[in-house]
Amino acid sequence: MEPNLDKEEFFRPSYIASAEPLQRTGPVSVEDLKTDLSGDFSLVSSDSDTSQPKGHIQVCLRIRPFTSLERENELQVCVSIEDSTSVILKPPQYSLSRLSEKTVGQKFTFSQVFAPETTQEEFFEGTMKQPVQDFLDGYNRLIFTYGVTNAGKTYTFQGTEDDIGILPRTMDMLFKSIQGRLYTAMDFKPHRCRDYIRLTRDQVKEETAIKNSILRLTKEVEEHFFLY
């Protein structure tokens, strides 16, 4: 049944303060946001130093070990490691969905291949430690995991309480690197992408009140969650 819009008691909340578009007071400068990324995504050039792989895209492969259930079912390995950078695909002997003839025996090359027995620490040392150090030296770095469901992305990225992944190890390395160099005052606030603003005393009080409100709300939600 459609509501009667002519009735005075019918109220529809609106968050639009005005139907008129806001007028700009002047041109908006975005020069500080522009960045030339062509060099970051180019492969090794003729005049580059190959011993310093800054700015190159690297793709690492980590092969997940079989779970206990998979071992009980005697599943067969379909990825064969040839060397530290290459793998060869081979279909399991009794696979119902065999790989195509073009794919069988085909070699795939990566920046580095990590075997199933690779530990979390070894994987971090081989993939993340140098990019994190590059970041501390002023370079931009982006890391992400990619794979099918149940491939081990969450375990690699977050890990477990007893065997943490690359994210907590990265944060640990970052915070250890800035010990003794922290600015203890709370009068700076990030602005846009690469700038900051200095807050007045009243603004600091306002930001502190907002932060305490968020923390108090978070605590209340956690207490409510554990209560039930």
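From the backbone N, Cα and C atoms, a Cβ is placed for every residue, glycine too.
Unlike curated records, TrEMBL annotations are generated automatically.
A quick note: this is a predicted structure, and the numbers were derived from the prediction, not measured.
As annotated by TrEMBL, ATP binding site applies to G147, V148, T149, N150, A151, G152, K153, T154. All protein chains considered, the CB of K153 (ATP binding site) has 17 other CB atoms within 10 Å.
What TrEMBL lists as domain 'Kinesin motor' is 56-228.
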Densest Cβ neighbourhood among T149, N150 (binding-site residues), 10 Å radius: N150
For A151 (ATP binding site): intrachain residues, at least 6 apart, with Cβ closer than 8 Å: R64
